[in-house]
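Noted in Swiss-Prot for the protein shown:
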BINDING   ASP82, ASP84, ASP86  Mg(2+) binding site
BINDING   CYS83, CYS99, CYS106  Zn(2+) binding site
Amino acid sequence: MSISPPDDLVASVTFDDRGLVPAIAQQEGTGEVLMMAWMNAESLRATLETGWATYWSRSRGELWRKGETSGHLQRVRAVHADCDGDTLLLTVDQTGPACHTGTRTCFTGRELVMPPAAVDPEEAAR
């Protein structure tokens, strides 16, 4: 199996009208979802070339290598595109917490409780 050059891989991704694509970081080995961030073509290319997760900061308008200042780096082990090519899944080896709040994941402490279903899902599936 041959490995495609980064530019070919970047060209295969469907970016939105702002030139961005959502990227979900997942811990290698456990499958734990760590965070979601945005990538543009330049940050995806940097990620593919260096092996370190590099995102696009919408608030700062610049590339952002995850953990560059905190030391909480993400070593990228694999990048997968979904079936439409408009969402990326990065399998990473996370050093330290992934979230800027200091928690392991960005999905800690904000669980939205589902209301009781009006219809039993198993009943509706029949």
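Here the Cβ of each residue, glycine as well, is placed from N, Cα and C on the backbone.
Owing to the predicted nature of the structure, the values given are computational and were not obtained by experimental measurement.
Projection of Swiss-Prot feature records onto the structure.
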{"residue": "ASP82", "record": "Mg(2+) binding site", "Cβ within 10 Å": "13"}
{"residue": "CYS83", "record": "Zn(2+) binding site", "Cβ within 10 Å": "6"}
{"residue": "ASP84", "record": "Mg(2+) binding site", "Cβ within 10 Å": "7"}
{"residue": "ASP86", "record": "Mg(2+) binding site", "Cβ within 10 Å": "13"}
{"residue": "CYS99", "record": "Zn(2+) binding site", "Cβ within 10 Å": "15"}
{"residue": "CYS106", "record": "Zn(2+) binding site", "Cβ within 10 Å": "18"}
Study note, to complete from the structure: Quick note, ASP82 (Mg(2+) binding site) and CYS99 (Zn(2+) binding site): C-alpha atoms separated, nearest Å, by 24
Review point. To the nearest whole angstrom, what is the C-alpha distance linking CYS106 (Zn(2+) binding site) and ASP84 (Mg(2+) binding site)?
Key: 25
